[in-house]
Each structure stands twice: as C-alpha cells, then as structure tokens.
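Summarising the annotation, TrEMBL assigns domain 'Kinesin motor' to 18-353. According to TrEMBL, the feature ATP binding site maps to Gly98, Gln99, Thr100, Gly101, Ser102, Gly103, Lys104, Thr105. Annotated coiled coil per TrEMBL: 360-387, 583-621, 699-737, 763-790, 844-899, 932-959, 988-1128, in sequence order.
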Amino acid sequence: MTAGGSNGAEEIASDGDAIKVFVRIRPPDQGDSGHQQSVDVDQTGCAVVVQTKPVPKIFTFDQVVNINAQQEAVFSVVGKTLIESCVSGYNGTIFAYGQTGSGKTFTMLGPSEDADNFQHKNRGIIPRSFEYLFNLVSREQELHGKGKEFLMRCTFLEIYHEQVYDLLDPSTMSLSLRESMKKGVYVDGLAEKAVTSASEAYQVLNDGWRNRRVASTSMNRESSRSHAVFTIFIESKEQKSGVQNVKESLLNLVDLAGSERQKDSNADGLRLKEAGSINKSLSVLGKCIMSLVDIAHDKVRHIPYRESKLTFLLRDSLGGNAKTRIIACVHPDSRHFGETLSTLQFARRAKMIKNKAKVNEDTQGNLMSLQAEIRRLKEENQQLLSAGGAALTSTDQSQGPKNHEAGSSVWKERFVNAMMLKEKSDVDKRPLQEKIMKLEELCNKKDKILQSTKMIIKFRENHITRLEKTIKSKEGWADSEELMVDLKAEIRSLEDKMEHNPMVTKYAMEIQHLKSELQQYRSSDATQEGAMTSSQRIMELERLFFDLMAKQSSDESEQEYVGTPTRTPVAVDNISVATIEKNKSLETQVVTLKQTVTEQKEAAEKREMELESEVASQKKTITELTTVLEAQQLKSKLERDVHFQTVQTITTPKKIRYNLRSTTHLNSSTSTTPNLDNSIDFEDLGDDLFAEAQPPFMMQQANEALRAEVEQLQSSNNNMTERIDEYESDAIKLKQHISKIDHQNAQLTEILQRERTERTTTGEKSDTELVELRRRLIEAERNLTYFKEEADDLRVVLVSSDKELKDIKAKKTDEEDQLQKTIGMLQTRLMQVDMETTKMSKEYESACEERDILMQDLENAQDTVRFNESLVRDLETEVQEGKERLEDVQSQLETVSKSLAIEKHNHDQLVCRTQLEGAAQEKENLQLVQENELLQSEAEVARVKLEQQEKTIQNLKGSTEAAQHIISTLQKQQEQNKEAVAGYMSRIEELRTALNVETNQLLDHKQQCQSLTRKLEEQAADLNTTEQVNKELQAKLEAQVDYHNAEMSMMKEDLDCITEANDKIQEEYASTQRELESTQGRCESLEEALKTKTSQLEDKETLHGKKIAEMEDQIKEIRMSNQEESKEQEWLTEELDTYPLLCLAKIPGYSL
C-alpha cells in the first residue's frame, strides 16, 4: 500500500465524528533480540512503514505511539478528549485490537503482575480514565456548586464463547442482550454498582478482573480468552432557573481477546475452541467495518451486527451515537509479520467509518419555567439577529416614521382598489365561465349528434349496398343505376341536412339566448343590490384596513420595533389574505341578507313618506308659530310703551287727579270680580274732597281692600293666560295633524297611480310573452313528433347493432380469457426468472465479497512469503559467510599447530644438545631457556587463541544449526504458504468457474426473459389490436346510443324548458292578475278610506274651525278683560302710591 492510498483513506474520515485510530507498537521480547523488525514509525509520528518487498507499505493514522512511549502519553493522546466529551453528554468507546501477545491488556489495564496496584507508573488507560473522570466531575461541582449533581454507575461483563457473563456477579448464568427505543442495546439482568470516587471504581474493576478467563499459550503467558467490556454510566443534573437539565452518557472501555493462529499458539482442545469463537467474533467485527466502509462510499450493504454478541453490544460505537477510539496494537517482530499486516489493514478500514454522535440531553421542569426559558432563548436569538443588521436598520428607522403615514395611506388606497378590482373581476368572470361551460356542453352535444348522424349514414350506405346487390341479382342494370342515382342523391341531401341543419342550430341559439336573458333578468336585482351595497362594502373594507393597521402598529409598539416602508407589502399581503377570507364569509351572508334588505327598503320608503309628511306639517307649524311670535313681540312692545307712558305720567310734576271708589263698591270687590262700569269718577266732585279729613282706619281698610283686589286680579290673569296657551297649543297640534293627513293622502294617490301604470305595462308584456311561448310550444310539439319518428328508426338500427355487439363481445371475452391465461403463465415464469436472477445476484455479490477477502488474504500471504523469502536469503548469506570464516579459522589453526610441532621438535633437539655439550654452554642454555619460555608463552597464547577459535567455531556451528533450523522452518512456512496460495488460487479458480457458470445461466435466463417479453409484447400488441377493434365497435354503439339519448334528452329538455317557461309565465300571469285585482281592490278600498278620511277631516276641520273661532272669541274677550284688569290694576297701584301722600297733606302743620 502506497502513501497516496493511505492519505486518501485519511481524507475520507477527516471530518465529522469519524472513528479515530491510534497504533501502538509494543517492545520486542527479551529472547527476540536477534530477530529483524518488520515495522517502523515515520518521522511525523502518524504513519507506519511495513517492510514489504519489493516496495514498503505506508499506513497513515491519527497517531502512532512508538516503542518507547509511556502509558501517560498514550492516555493523553487517546483518552482525555473522549472523557471530556462523555462528561459533556456524549457516548464514548475505547477498545484495543490486535493479535494475542501484542500488548492490548497492558495498554488498557497495565502490567499483569501488579494488577492490584492502581498507583503503578505503568497503569493502563482504564485506571487513568477513572482518575481523570472524577477530577473533571469534582471540577464541575466546584464551578456550579449544588446546582449540578453527578451519578456514576459501573458494569463489567465478558463475552466468552458467544455468551455474556457478569464479572461482578460470577454466580449468574449467561445473560441475554435486549434492545429498546430508549436504552438502545443493553444486557438484561446485569449488575450495576454506584461509585463516587476513583478508588471505588478501582475496587469494582479489581473484583471483576479476578473473575475474567485467562489462560497460557505458547504465544502469551497470560492470554485473555474473552472480550471484557467495562462500562461507566454518567448522569448529570443541573438546576437552573426552575429548569432541570439532565444529561446521560456512557463510557465503554473494551479489552478484546487477541486473534491467534493454531500453528503459532499450538492450541488444542478447549483452547482451540476458545480461539475459534474469538476469531469468529473478530471476523464478524471485520465484516461490520467493511460494510460500514461500503456504506460510506454510497453502497447499499447490510451490516451484520447480530451475527456476534460483541458487535451487537457495541452497535452504537460502530457508525452510531458515540465517539469511538481504536488502539491497534502490533508486534514489531518479523515472526508476526502476517498478523501485524492484517491488524493495520483492519485499522485503516475502521478509520473510514463516520459516527453520528450527539449530546444525550433532556430538559425537565414546570410549564412556566420552560416557557420563560424559551422566551429568554428567543430574546437572545433576536438580539443576535438584530446585531448583524443594526447598521441597515438604523438608516431605515430614521426614515421610517416620516414615511409611515404616507405609506399607510397609499397602501390603504391600493388595498381598497385591489379588493374592489378582485371582486369586480370575480363577478365579471362568473358569467363568462358559465357561458364557456354552456358552449362546451353545446359543442359536445353537437359532436355526439354529428357522430350519430354519421353512423346513421354509414348504416344507410350499408343498407344501400345490400339493396344494390339484390337489385343486381334480380333486375336489370338500367333500373339499378337509376335507383342508385336516386339513393345517392338522397344520401347527399341527408348528409347536407345533417351537417347543416338550420333548425337545430336555430333552436339551440334561441334556447341559449333565452337562458342568458333569464340569467340577466335574475341577476338584475342582485346587481342593483350590489350597487347599493358597494359604498357600504368600501366603508367596511376601510374600517377593516384601519383595524388591521392599528393592530399591526400595536404589535410593533409592543416589540419596540419601528416598521420600515419596505415591510409594508408583507403586511398588506397578510391583510389581503385575511380580508379575502373575511370577504368569502361576507359573501355567504349576502344571500341571507337580501330579503331583509328588501323589507328594510320598503319600511324605509314608508318611513320616508311619514317623515316627509311630518316635515311638511312641521314647516306649517313653524310658519304659524313665527306669526304668533311676531304678534306676541308686538304685544310686548305695546305693553312696554304703555308702561313707559304711565311711568312718565306718574313722574311728571303735574296736577294729580285721584279717582276714588265708593265704600260700598270697595266692600263688594272683596268677594266678586270688580265691574269697571260701576266705578265713580271723583274728578267732578271738586277740590273740596281733598280738604276733608279722613280717619286713619278707613285709610287702612281702603289700602287692604285694594291690595286684595290686586292679588285676585293677578291670579285670574295668570289662569286666563294658561288657558290661552293650552288652547293655542291644541290648535297648533290640530293644524299639524291635518297637514300631515293631507300630505299622506297626496302620496298615496301618487303611489296608487304609479302602481296602476306598472301593472298595466306588465300585463301587456306578459300577454305578448305568453303568445310567443305558445307559438314556440306548437313548434316544439311538431319537432317532437319528427324526432319520435327518427327515434323509432334508430331503435330498429340499435337492436341490430346490439346483436352484432353481443357477438363481438363474446368473441372478445374468449380471446381475453385465453390472453389472460397466457399472460398469467408468462408472469409466473417471469417472476420465477426474477427470483432466480435476484438469488444469483445475491450469490454473485457474496462470491465477490468472498473473493475480495480471499484476494486480501492472498495478498497478505504473498507479502509474508516475500518477507520470509527475503529473511531466508539474508540468513543463507549469513550462513555462507560463517562457513567461510570457519574455514579461515581452521586453516589458521592448522598452520599454528604445524608451527607448534616444529617448535617442540626444535626444543627437544636443543635439550639433547645441552646435555651433550655440558656446562660450557650454560649461557647458551640460559638463552635457550629464555627462548623456550618465550616460545612456551607464545604457545600458551596460541593455545588460548586456539581455544577461542574453537569456541567461535562451536558458536558458528550452533548459529549455523539455528540458521538451518530457521531455514527449515521458513521453508516449511513457505511450503505451507505455497500450499495456502495454491488452495486460494484453486478456490479462486473454482469461484471463477462457478461465476462463469452463473453468468452463463444468468445470460440464458436473460435471453429467456427477453424472448418471453417479446412474446408478451406480441400478445399485448394483439390484445391492443383486438381492444382497438372492440373500442371502435363500442364507440360506434355508444355513438348510436348517445345520439339516441342526446336526441331524447334534448327533446325532453326542450319540452321541459317550454313547459316550465309556460308554467312560469302562466303562474306569473295569474299572480300578476291576482296582484292586479288585489291592488285594484286595495286601491278601491284606499279610495273609499280616503273619501271617508277626507269627509271626516272636513267634518273635523269644520268642528275645529268652529272651536278655533269660539276659542279666538274667548281669547279676545279674555284679552279685553285682561286689558281692563290691567288698567284697573294700574289705577289701584297708582291710588295706593298716592293715597299716603294725600293723608299726610291733610295733617295740620305738615307740608309736602
């Protein structure tokens, strides 16, 4: 795999909630120091280089952790961000994947020998996750105080032999997986333990880990024989302003069992079964990941979650609602090259999967608090939206108030005009639509009539041809030609009549014209009423517009928002929609209000007449009152003049004249009304009376009598004025009533005259219409007889055509039955072929998938074979070099042994020579001893070198034997790989042959389907032809029937219309006659009542005149008496005023 391909895979899963994949390379074993490493880490730390031959493969991931990385660095890269997301409400999963012995358990838990020590520096991801999780929870609680609460619960399970067991309760049997809409996939009956600290979580983990199934294999001293899943349920509750926010999430920490090969682990018995179940579940996991990758590339695939308990339990972690982290653990040694390569390919496919993680949040609280929270969020949203358009709205708001009033008036006018135009267009459109519908109906009828006439002509032509044949067989040629000419001429005339029948068109046009006139006559009243109510409609629309504008302005003021002119059309559109709906409801009410309008109209006319009469009478009353007022003003003026003159006469210094009454007259005036004729004139008595001295008691009596008389005169004057006012008011009311009755009489006579003229005109018009309708009825009856004769002819033709049609239908049913049988057989065959093709396509897809898997395995096997071959070649070269070095050492050893033997021989000769020569030669002996010692030291050194060389030789022999052993094992593996490749190739060849067979069968089935479809199309074409013929015959029959029915219906319609019109006219004529008679009777009764009223009015007028004259006389008398009484009163007042002066003048010694 090249770097470009891996980068492409990285680009696919780089966005969104894609699964993040990390690779960890474990350190090599202590006994594997001499083996070659098969993987290296790139300098960027995000790629793994696999030493494949001839070109190395590069796999790119999110992070690659090297051999020397510590556990803290692994947790920082993999776990911290995921645990933070879990505290925020997301689901999270971390699981380790790899072959057995690749360091999965060490990465997740830590060293196995210190499993109980959770403070160890090499503790794994699970203990560190506990620590970091509870640190985050404590930090959140410190920030929010008591407003936020957390609850953590733990579960621990293992999947062993595809059975789920609870590690916290080992006494339980295998548990079952369940699925619900709320929880998702869960384990029924699984024990949960609440934890409040990291130490409690450690204890739960330790209790469960002791119960996990672990065994020793040749590849791993403590190999996990089951998949372990430790789950932490995190629930947080936050109380804020009456709203409770609940978040639920879970953290899955998974330690998968490692994949292993039987030839490497040497497993047998129970361990072999365990390895089989582990490999099965891991293969299902690989299938699920491959299906998810295909789905990510827009392919339709089924994801086999339910084939394994592991994949079904972790379904949300693979393409669902979770954030997932995968740690792919690999072994760097060359012995595990194949497993390392398959693990890296699995991790590369998993990196392409995208999950759909979301916050598991639920908001709870009472209704008021939730509504308040919604309002607060809406306000925040509005503020954010308004912040972006503040610059734009500021300029609009500055211009908005100026143009608001002008804009509203303009929009009001547009609104009213638009509504009036819409109503007018609707009113104008209705008669046009009705006219179009009627014309279409008329055209359809005409087409049917033409078709029926053409059919009649065809039947007659057939009849003529049959007659021609009979004539040719019986009579001569000349007679037949003459008959043919006559018949052809008759046919042409009939065709011309049928094509250009003036009577039918004339009657149709007359009927249409009469119907339109009737519609216009009926709609005339409605148009008049619509014209009367148009002004009211405009007023209602204006009022509605103002109401809606006021409502809109109030809404805008509540929201503290000034509407710009650019928003007015939207408001007007909303108003127009509401107004249209209201108009529809008002139009429905118009029909019900028509009768009330007419009644109100009549009542208004009557009321108008009464008001006019009242106005006229009031006018007369006003004129009379003005004359009375003028007379009263003249009277008051005269009285003022008289009073002024009397005052002047009293105040002028002239001689005072006194008129005294007699004592008897003063005494009588106390009981009765004073008579002015009995007064005594004191002017003629002379001046001597003034000289007489009167006693004081008489002066007092006279004064009291005068005062009593004045009071009595004033009361009588007031009573008389009240009676005069009552008489005058009664007279005015009588005059008003008389004028009102006169005016009503005049109006009634005018209305009676108008109704007489109208009744006479309507009677004449109805008479003319009745004569015209009788004439049309006679013509229609004639046409009816003609059409009945033609209907009899058509009935005969129809019977013969019915017989032919029955025969055709019988043939058609037989053909259709046969065709349906053949179609059914073909459809069943086609369904079988479709089922076989779908089955073959599914088998083909499965074969393709199996082929892809086998090709991947083959590629891995070929890569391992090439890698092993390169290792064998390297070892062979090393062995050859060791052999060469061994040969050199042996040759050097032989030369040293030869030189040592020569030295020994020389030494022996020297010893003999010394013994012979004696003491003289001691110096030489000493020299020789020294030389001997030197030679012995050299021999010792040579012996040591020889021993070392022998050791190296032994080592080389051991290495050569090990190399030969490795070579033999590699050769065996190569032979096995060759056998596997041969098996894979044979399997591929078998699949190819099977695929070819299937494709050939599929082609055969397709050819059969094509042939069947061709036959089906031929049968369908035959069926279409027969159906076409059947349709033509049926159309002919239907045309005849339609023609007959149309003729009958038209005649019935004409007859019904004429009879209806005649009945209506007769009813209208009778009603008009009755109304005329009733109106005449009413007129006569009104005239009689008028006469009686007039006579009564004349009598009343004479009586009232007499009463008025009497009252006027009485008024005059009263006025005269009032004037006399006023004069007398004035005189008495003057006398009372002057009498004390006279008395004082008579006193002696007193001077005026």
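Cβ coordinates are placed from backbone N, Cα and C, and glycine is handled just like the others.
The model shown is predicted, which means the values in this text are computed figures rather than measured ones.
Taking the binding-site residues Gly98, Gly103 in turn and counting surrounding C-beta atoms within 10 angstroms, the largest count is reached at Gly98.
In the three-state DSSP scheme, Lys104 (ATP binding site) falls into the helix class. DSSP assigns Gly98 (ATP binding site) to a strand segment in the three-state reduction. The Cβ of Ser102 (ATP binding site) lies under 8 Å from the Cβ of Arg26, Gly258, Cys329, Val330, His331, His336, Glu339, Thr343, each of these being in the same chain and 6 or more residues away along the sequence.
There are 25 other Cβ atoms within 10 Å of the Cβ belonging to Thr100 (ATP binding site). Neighbour density for Thr105 (ATP binding site): within 10 A of its CB lie 28 other CB atoms from the protein chains shown.
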